Each structure stands twice: as structure tokens, then as C-alpha cells.
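A.B. asks: Provided herewith is a single structure, encoded as C-alpha cells, for subsequent inquiry.
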Amino acid sequence: MISLLKKRLRDRTLSAVDLYAKTLSDIENKSDLNAFVHITRDGDQRAAESHKRLQDGTQRPLEGIPIAVKDNFCTKGVPTTCASKMLQNFLPVYDATVVERLKAAGAIIIGKTNLDEFAMGSGTVDSIFGPTKNVWRSKPNQWHIAGGSSGGSCVAVASGMCVAALGSDTGGSIRNPASYCGVVGYKPSYGLLSRHGLIPLVNSMDVPGIAAKTVEDVVTVLSVLIGPDANDSTCVDTHLDTNSFQTNFLIDKCRIGIPEEYNCEGLSNEVKETWDYIANLINDSKGIVKKVSMPHTSVSIATYSVLNACEVASNMSRYTGLFYGYRSTDDHKSFESLISTSRMEALGEVVRSRILSGNFFLLRSNYEKYFMQSLKVRRLISDDFKNVWKSNYDFLVTPTTLSTAPLLSEFKSLDNRTQCATQDYCTQPANMTGCPAITIPVKLSSNKMPISIQIMASNFDDIRLLQFANWLEKKLQFPQDYL
């Protein structure tokens, strides 16, 4: 998709100005999906600049390409709300590093996309802007969830409003909605991309992610984002060369593990059949496919939930209404009253419940029992992955989600804790260990909803992961123009 647009822009059969105008028209025509929450004001100016560069041959790698950004990345002079009343009037004075690098590459940031409040959710339903709706529908009058928390970004790509979008991934927040929306969702290795300017949820697991129609498009965007950042000490210089993505990939040299523990309670028959189909496809293509065991998978979601809440409690302590963020207008006799009232009025129930849970786990009497114990179990989960890689396996192939996208009405009837425990089961272990993971669409279910598969690789083996995903994508030929 991006390569085709770049060719048309270069050949002057399409202008950057016209492409931008069409993008805005598409966003307006599909506003019922509620994918975007803000549209940037300087798009016309940037499109004109891109048009001039394309005319005089000084174009940059993503010149004139429209890209969306999840509304938890700081964007200079553009509202960054995290879909929360707490930040509804927040205007950052700087761009997140990944946004800055997109702009430097010539991309046009068209707007900010919807998410669950502060990225705490797996449906993009807990937002002050209302829920985002999946572009795929099993019946004309039935809406399905987009997935979350990067649902707005994935719907924007799936519906054709843009060719790529930035999201974030803490426990599956780019892969979950990508799976439900039938697009590619990539979570890089922890430390590969800068987190500077990504409003934190769980510092030890958050990563910027990319949603696109194809693996090749993901690599095109990744190529301009990769690199160390002096503003983020966790971002390392790995010297990964995205140009090596173009080298030949040989499946017969690969060993693929199928983790038995991911065949869990609640896994739908159609998803299980799709998983088996992929394993057989790889095996028939001379890849080596074997079952592996990752014994601590069953306790991963509980461990993740504790650590998530603890880091949330710490990160959310900055939102007091004193320095920035929403401030209650009631009369207050103390700072404590001002802070508690402001937080009660501006933060949703899901966010408040995680703050309470995290502070409970971090109490002196509970610290060893919950937080420290969870850190120890996290190490065991990480060791499960390391043992697989040490056994000379190149990749792990698993389901991404346990089912196709649930109906919006059914999903909203469940509490957030139940939603996330179900939706994040297959995705959050990769965040616990920091390894790269990607989801690609495989086929449509019996009710015409996308079913996807997840691939994981060892830490910083991102290029090989993307090569394998690209190989598999070409084998599958998922109907991207179905909609």
C-alpha cells in the first residue's frame, strides 16, 4: 500500500495535496466508526510542502503519506487527551520521538485516534469520546468491538482512512485490535523504539507499535522510527538494519514452536482450527514445527494484572490537578480535598480501580506478598521464553485472541477486569519478557469476521520475525480489499 502510494506520488499520478484531501473526506464519511478524536490543523500546509518536495525531487522516505497517531503520544500543539477528562485540555509543547521521526521522514500526521482511557482496556469502549466501532460486521445492524486499547488506530487502517498508524502495546494493545480488525499489528522488542513522549501506563512493558495493511508497510514505517534516543534511557542502539528485510527468507531453515499452554479454556473452535491450519501450512512448506511447553503461561495473566496495577498507581500519582490536568472547581479547604475531588471527577472507574488495586498491592504489608512475588513469577515466565530460544527454536506461533471480535453490546456488559483477562491471555506474555510479536490476519470466520495468528521471536530478532510474517502473509493472501 505505502509503496504503491509512493510510486503514484513520485510519478505524479497523485498529488500529496489530493491524497490529504481524500484522507480527510474518508475520515468524515466514516465518522460513525469513531476512530479519530482530533484532526491536526497543519495538514494542508504539510501536504503543500510535501507536494513541492515531490515536484523538485527532494522527497523524504514517507513524503506525503498520511499516518494516524494514537492519542497517548504527545503531539506538539495538538490535544493529547488519553481519552480522559483529566487531560481533555492538555496541549503538549513537544512531539513524542516517534512522532518527530515520522514528521522528519515527510509523513503527514492526520490526527489522533481513540483509545480506552489511559490505554487501560481491550475494547476501546472506555473513552470520554465514546466507543470505537469495528469496520467489520457480522450483520448490517450489529456493531463489534474494535479491540483495544489501540482500537482507533486499527480501525483507521482497516477502514482505509490511512495506510498506517501508531499505537502502543502494553499487554497486547496493538495486536488485539489488529487481530479483530483484520490488519497487521506489530509490537517491537522492548527498547527498540523510543518511548519518549508516550504517556506511560506500565513503564516496564509499554512500547510504541505499528498498525498497517501489510507487513511490508510495517517495515517501511519502522525504518524511520528505529534508532537510539538520548531522551529515553531504555531505548538501545541495536544496529538493526531494516534493509535486510529484503533478503531471501528460507522457511526450511526455521524451527517453529507451538506452545501447548496457549490451547486454553475459552479458545474458540474456529481460532483453534486456524492455528492448526497455520502449523500444517508451515510444516507442508518444509518448516520444522514442534509442540513446546511454557509451563508458567497459566499464571501470566494474574502476574501481569498485579504488575500493571502497581505501575499504574505510581504513574497516575502525577495527576493531581495542581500542576496540569483537570482541576475541580469546587471550594476546597485542603490540598487533599482538591486532589481527591479532581481525581474522582476526572478519572473513570476503570482507572480509579487500578489505582486502588496498585496501592493495595504496594502497601508495606502486601509488598512482598504481591509485588515482589509477581516480579519473581515474571522472571519465570521470561525464562520459559529463554528456554525455547535456547532450544534453537526461531519462532513461536500462537493465537492472538481467543475468539473473533465480540459484539459491542456483549462486551460492554462485562467488567474491565474480566475483559482484559480474556482478551490479553495470548498477548501479554510477550510484554512480560520484552520479545517482539506480530499478528497477521489469516481468514474470515463463518460469520465473516477476521481471524488472526500471532508470531513471536527472541528479543531484538525483529527483522527475522518480520521476514517470517511477510512470508506467511504472502502464502495466506488475506483479502485486504474485502471491505
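Note: Cβ is positioned from N, Cα and C throughout, glycine not excepted.
Pulled the feature table from TrEMBL, pasting it below:
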type: ACT_SITE; residues: Lys70; note: active site, charge relay system
type: ACT_SITE; residues: Ser149; note: active site, charge relay system
type: ACT_SITE; residues: Ser173; note: active site, acyl-ester intermediate
type: DOMAIN; residues: 23-466; note: domain 'Amidase'
A.B. asks: I need the CA-to-CA distance for Lys70 (active site, charge relay system) versus Ser149 (active site, charge relay system), whole Å please.
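C.D. replies: Rounded to the nearest whole number, the Cα-Cα distance is 9 Å.
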A.B. asks: Take the C-alpha atoms of Ser173 (active site, acyl-ester intermediate) and Ser149 (active site, charge relay system) and report the distance between them in angstrom, rounded.
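C.D. replies: On Cα coordinates alone, these residues lie 5 Å apart.
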A.B. asks: So how many other Cβ atoms are close to Lys70 (active site, charge relay system), meaning within 10 Å of its Cβ?
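C.D. replies: Excluding its own Cβ, Lys70 (active site, charge relay system) sees 32 Cβ atoms within 10 Å.
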A.B. asks: Sequence gap of 6 or more, Cβ distance under 8 Å: name the residues on the same chain that satisfy this around Ser149 (active site, charge relay system), in order along the sequence.
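C.D. replies: Expected: Leu115, Asp116, Ala119, Met120, Gly121, Ser122, Thr124, Gly167, Ser168, Thr170, Ser173, Pro177.
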A.B. asks: Take the Cβ of Ser173 (active site, acyl-ester intermediate) and count every other Cβ within 10 Å, whichever protein chain it belongs to.
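C.D. replies: Around Ser173 (active site, acyl-ester intermediate), other Cβ atoms within 10 Å: 38.
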